[in-house]
Amino acid sequence: RMFHDDELEESEKFYVGQPRVLLLIYALYNTLVARSEMVCYFVIILNHMISASMITLVLPILIFLWAMLSVPRPSKRFWMTAIVYTEVAIVIKYFFQFGFFPWNKHVDYTKDKPYHPPNIIGIEKKEGYVHYDLVQLLALFFHRSILKCHGLWDEDEKGDSSSNKEDTDDELSLTRGRRDSSASLKSVNLAASVESIHVHFPEQQTAIRRKSSSSISQLSHRSSFSSHRSKRVMCKLCASKSHCGLCCFRTLQVYVPIRQFFYNLIHPDYSAVTDVYVLMFLADTVDFIIIVFGFWAFGKHSAAADITSSLSEDQVPEAFLVMVLIQFGTMVVDRALYLKKTVMGKVIFQVILVFGIHFWMFFILPGVTERKFSQNTVAQLWYFVKCVYFGLSAYQIRCGYPTRVLGNFLTKSYNYVNLFLFQGFRLVPFLTELRAVMDWVWTDTTLSLSSWICVEDIYAHIFILKCWRESEKRYPQPRGQKKKKVVKYGMGGMIIVLLICIVWFPLLFMSLIKSVAGITNKPLDVSITITLGGYQPIFTMSAQQNQLKSLDPNEFNEFLRSYGGNTAALQFLEGYAREDITRADLEGNSNSLWTISPPSRKKMIQGLLDFDADFTLVISWTIQRYKNMKYLISLFFSRTLEEVYPYYIKAPSDSLAKPIKQLLRDCKWENITVSLVKNTSEEWWVLNQLGKRQKTPQESLELFIFSDKVSPPSLGFLAGYGIMGLYASVVLVIGKFVREFFSGISHSIMFEELPNVDRILKLCTDIFLVRETGELELEEDLYAKLIFLYRSPETMIKWTREK
């Protein structure tokens, strides 16, 4: 041991001996210290999400377009800007909290208006107006203290003061090596003061960067000229320019550093190449899912139903369509930039997205939804995920795109996880095809589209075989031994259960959907209409609300006991619970007067007196349930009123209500009495049912309705097909894919049973590699070699032998 200290060892033993909870707290604190800038970014974004004003909008934009793009870390100037800006924002908000301002007199009326000017600016009067700003300021000061502890706060100033003398010598030595490019302005030092402009030359930049490569800050080793030369250049410029020229010069002092910042970003001296496209794609996918399941939050009326109910009605909401197309378009553009590896395009795309999304989310969306952004939870979640995407994009820009993009990110390892994820990726409709075509469009290649797709298909097939071969090596099967029962019953039993479930899925689904997951659909309205011989109805009555009663447990048990010896009735009642039965009490007096014309009345009397002719009695009932589903049937009887009332009616899930014969005594319907009541010039009919279960002294009708359970709304799209529809649309389609898996294997043996696929996999990787390096002629040769390999079975056998 080169260094030994008893106190350090005692301190280490002390910390190791602490409780685990305390050690966890230490670890969390160290993590907080190590990523203190991320804590500041998070607090600033959280403050903006809650405040959603122009005052808090500035810092998030500076984070994505300045701080996260700075190499190797944000400078002191950014943190001082953030601290001073937060302090000024707190003072401004405090100043506008006084009640003498006109807009503070009607706060309750204007606090929810998104386009109220104080709300947009962020100077409205509200409780807790400065809480998050104080937390933000505390986080910034915490990060400042961390930088000071590590000596990173004043590193730029120290680097400038210590290198003045060296820069003078460097200037003299580099003057001899200048070439014809001495008149061109290549870069401007961002760390320079406002009064000076530093002119750099290509040779000077190279020499200075080599000499100062040990410096921590990238900005410090770009200060290549001495302060004396800067002052001389400034004096000459100031002496030769007029007032107008001085204004233009001041403007350039603001414009040129910004331009140089992005120029150095696009043309870095050192590039730590990385690839975070997968994480950016996942962030975009999460935003896509948020749009699909929360699209109503981006429209005007938030009371709309989910997307499945809208699509089931063949309606495509405009907000959903616009959001999906924009999100999908940005994903396509991001893929194109990734394949072209153009950092300049990514920078432009980042600037457009940052300004565009912030302008849309905080200025347009509140007007569309008529809600403030702080009251839109779904929009806040979408914006937070988009901020994660912006951070990843900034990291990608700062580090640069990878020089080689080889294959799919899921094909980096050969295990079961990558295998199943890759196969799931290929099962998504049109995703594989869209990716292949986009890669062909934005990648330099000499292959045609069909040849490109051929290589991609071969590579995917060989990767799957490689995963299976690796699994066989990890879990070898000894020769001559039978398969273990765990494997046979585990895999085989699972497949058997799956196939049986698919075959009997419609029957099980239609049986369980109503018996287990079904919901009771009670009647909302029960109406009875009786008509004599096609004339004006003599009786019309409806039962609603309190007249529709459910049976209590005692009545239900008594109802079941009354059919103790009737097997058919008990079998029918097995499918219904107490809450499925409704008793409708209809009043015996008709709710409408009998308004028949005298000639029709005379003709009807003559028909009733003619005993040799039949006279029809029409009884029709209507049961209205949820979603205005009506069940209507008409019955025709002779002129007698005996056995004409059904009493028990079944309301199924289809459109036809049927009487229940199993519950009728001797399969006979109930008798009713009909009488005509006259009062001066008005008359109406009164009906009374004989043999009611609920004995009432007044004339009335009683009707029992048995309501079939209906499927839940979320599963209605499947239950609507019926048993035969499910067999035709689900079972047969799945059966077709299963049949393709079990049949036709003999035709693909020479391409499936490959003992060793390493050489073929390396050949595909070589094609990707030479394509990325620009060796297009070699790409053609390797592709021809791959095609010849698949055309020659003998060569394929030699290539796939075990080493």
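For all residues, glycine too, the Cβ spot is worked out from N, Cα and C.
Of the given residue ranges 413-429, 617-633, TrEMBL assigns the label transmembrane segment to 413-429. Contact between the domain 'Piezo THU9 and anchor' (274-511) and the domain 'Piezo transmembrane helical unit' (34-154) is present: at least three CB pairs lie under 8 Å, with pairs separated by 6 or more positions in sequence. Break the domain 'Piezo non-specific cation channel cap' (549-628) down by DSSP state and the numbers are 34 helix, 19 strand, 27 coil. Long-range Cβ contacts of the transmembrane segment (78-96) within its own chain (Cβ-Cβ under 8 Å, at least 6 residues beyond either end) map to 40, 44, 55-56, 58-59, 62, 66-67, 70, 104, 118, 122-125, 129-130, 133-134, 136-137, 140-141, 143-144, 147. Helix first, then strand, then coil: DSSP counts for the domain 'Piezo transmembrane helical unit' (34-154) stand at 82 helix, 0 strand, 39 coil.
Per-residue confidence over the domain 'Piezo THU9 and anchor' (274-511) averages 84 (mean pLDDT, predicted model).
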